[in-house]
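Annotated in TrEMBL:
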- 5-270: domain 'G-protein coupled receptors family 3 profile' (DOMAIN)
- 6-31: transmembrane segment (TRANSMEM)
- 43-63: transmembrane segment (TRANSMEM)
- 69-88: transmembrane segment (TRANSMEM)
- 118-138: transmembrane segment (TRANSMEM)
- 163-184: transmembrane segment (TRANSMEM)
- 196-218: transmembrane segment (TRANSMEM)
- 224-248: transmembrane segment (TRANSMEM)
- 324-336: compositional bias 'Polar residues' (COMPBIAS)
- 324-370: region 'Disordered' (REGION)
- 340-358: compositional bias 'Basic and acidic residues' (COMPBIAS)
Amino acid sequence: MDSYWAVGVLSLACLGMALTALVLVVFLKYSETNVVKAAGRELSYVLLVGIMSCYAMTGLLLLKPMDVICGFQMFSIGVCFAVCYAALMTKTNRISRIFEAAKHTAKRPTFISPRSQLIICFGLVIVQVIIMVLYMAYSPPIAEFYYPSREERMLVCRSHVDASYMVSFAYPILLVIICTIYAVKTRKIPEAFNESQYIGFTMYTTCIIWLAFVPIFFSTATNIPLRITTLCASISLSGTVSLVCLFAPKLYIILLRPERNVRPSLMPAKYLVKTNTTSMTSGTSDSNSQTSAPLNLHSTPVIAPKIEKNNINANSKALTNLSKNLQTGNHNSSPAANKLPEEKKMPLQKKTDDKEEAANSGLRHLGSFSSNVSRVSIGSNVSSNLSYSVDSLPSIDKESLDDVQL
């Protein structure tokens, strides 16, 4: 504990534990906000527990070797990684299944609820627990003396000498590879829906760390303090990468940009445009179905404006004629009209403008259409629905008036 190697890795581990505790406190305080919910609260808590365990492993690896301590080291070093990468794999698997299912069907995929995600995550961790129990029963970890030279004698865990720690890392490395594959598969989906891009960067960096760790670990077989230091540093760096890449963007929004901690700001602009277009299309189809359907006569009635019967019929006829002209694409589409000189076309255009004004007047009197209606969108179906008589004009509540769109 008093060596320079130990002081360095212990300082890194203590700093990481403090940052992890800060992130956990912030997530608990703002657990009902959109950013925390979008990140998956339950799996985020599991991941933070796993990161905290990675930092705590440094202190456990630096304790004086005993049989029990060696057993805890052997067991915990694989489980803490399994907790981290099982949570990340569950997240990426959920994202991948949701978007893959959306390509083929509108049915919601199974096992994507928070409870199901926790069950899947703990199931993956139990696999690591079973592996370690079986291996420790086959080869019990013990503390023994190691002689690097004739003059030196060191009390170490046997796993530090024969590199049996690689058994603990085998299953977590498999989880890392699977997480990386899922991160690559989901890298092109909209960034606001998931953490796959952050998870992908985390996995790439983790792979680089462990690719550098493996040769260093095996090349320091004769220097046990350096081997233990390298192991502690690699574990702490893996936890730091997960903490910074996955939680730093969320802390930035929660603490420094709270105005962005709302649902619309989590959506990219290109998706907002698509969503609005889709909602407008569906809203138009719904409003058309509402126009053709019988109006609700049981809602709270309001007093309809008094309209003369002749005005309604005249406006309906004018609106019908206008819609036919607009559908043909030209007010003067007839051959006779095209042969008229320019000075004779003006009255015809003026009459058409009068019809449009009459149609707009009828719309204002009826009071059931929006003032920003485009003239081009007037169709014959709508104009036929306007021919109500005074006696048959039903009472319409305000909500129905707001929902009706041309």
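Using the three backbone atoms N, Cα and C, a Cβ is placed for every residue, glycine included.
Keep in mind the model is a prediction, meaning the values are calculated, not measured.
Take the transmembrane segment (196-218) and the stretches 43-63, 69-88, 118-138, 163-184, 224-248: counting Cβ pairs under 8 Å, 224-248 has the most. Of the ranges 6-31, 43-63, 69-88, the one with the most Cβ pairs under 8 Å to the transmembrane segment (224-248) is 43-63. Tertiary proximity for the transmembrane segment (69-88) is limited to same-chain residues at least six positions away from its ends with a CB under 8 Å from its CB atoms, namely 43, 46-47, 49-51, 53-54, 56-57, 60-61, 63, 121-122, 124-125, 127-129, 131-133, 136, 140-143, 157-159, 164-165, 167-169, 171-172, 175-176, 179, 199, 202-203, 235, 238-239, 242.
Looking only at the domain 'G-protein coupled receptors family 3 profile' (5-270), the predicted model's pLDDT averages out at 87.
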